[in-house]
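Colleague: Let me begin by handing over the structure; questions about it come next.
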Amino acid sequence: MDIAIHHPWIRRPFFPFHSPSRLFDQFFGEHLLESDLFSTSTSLSPFYLRPPSFFRAPSWIDTGLSEMRMEKDRLSVNLDVKHFSPEELKVKVLGDVIEVHGKHEERQDEHGFISREFHRKYRIPADVDPLTITSSLSSDGVLTVNGPRKQASGPERTIPITREEKPAVTAAPKK
């Protein structure tokens, strides 16, 4: 009976847990890190799993992310759109939804040719008037969509509590 001996420093291409790179961890159109090109000694282990991409470098954390915040006085949506020019972006309100769409046709960059397109939708809360929503694009490529929240009608007032002499719950009649 022959027994196959596998050395831990030799990669086995069909080992079920082998995952030298994950397709969904890639940031297409972004620069490569040295760790993307060269294997480390730990990645040679058949049990090595590449850490999620958000552990890679601080500059990757804010790439392509969006954030929706409800602040005390306004709705605020921030979206990283640094790969798009203002002419390639559209922001519109349809009913109670903010739609952001970005698209640019194929163009050449330092790695080859790339085209991008995205759609994002955000539900507008009931206390934000859709007609008051505005958007702006910063110099570093962050699209901000704002909408002021409606103020509560009237000033705050304290409601006094009165005491009644009869109970709120009475016993059910006996049969």
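The backbone N, Cα and C atoms fix where each Cβ goes, glycine too.
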Colleague: I'm validating the feature mapping. Which of 108-141, 142-175 is tagged region 'Disordered' in Swiss-Prot?
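Modeller: Here Swiss-Prot associates region 'Disordered' with the stretch 142-175.
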Colleague: Where's the emptiest Cβ shell within 10 Å among the recorded positions LYS92, HIS111, LYS166?
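Modeller: Among the recorded positions LYS92, HIS111, LYS166, the lowest count of other Cβ atoms within 10 Å belongs to LYS166.
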Colleague: I need the nearest neighbour of HIS104 (Zn(2+) 2 binding site) among the recorded positions LYS92, HIS119, LYS166, using C-alpha distances.
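Modeller: Out of the listed candidates, the nearest Cα belongs to HIS119.
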Colleague: Could you tell me the C-alpha distance between LYS92 (N6-acetyllysine) and THR170 (O-linked glycosylation site) in angstrom, no decimals?
Modeller: 56
Colleague: Nearest by CA distance to HIS83 (Zn(2+) 1 binding site): which of the recorded positions is it, out of GLU106, LYS166, THR170?
Modeller: GLU106
Colleague: For the binding-site residues HIS83, HIS119, which one has the sparsest Cβ surroundings, going by other Cβ atoms within 10 Å?
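Modeller: Taking HIS83, HIS119 as the binding-site residues, the minimal 10 Å Cβ count falls on HIS119.
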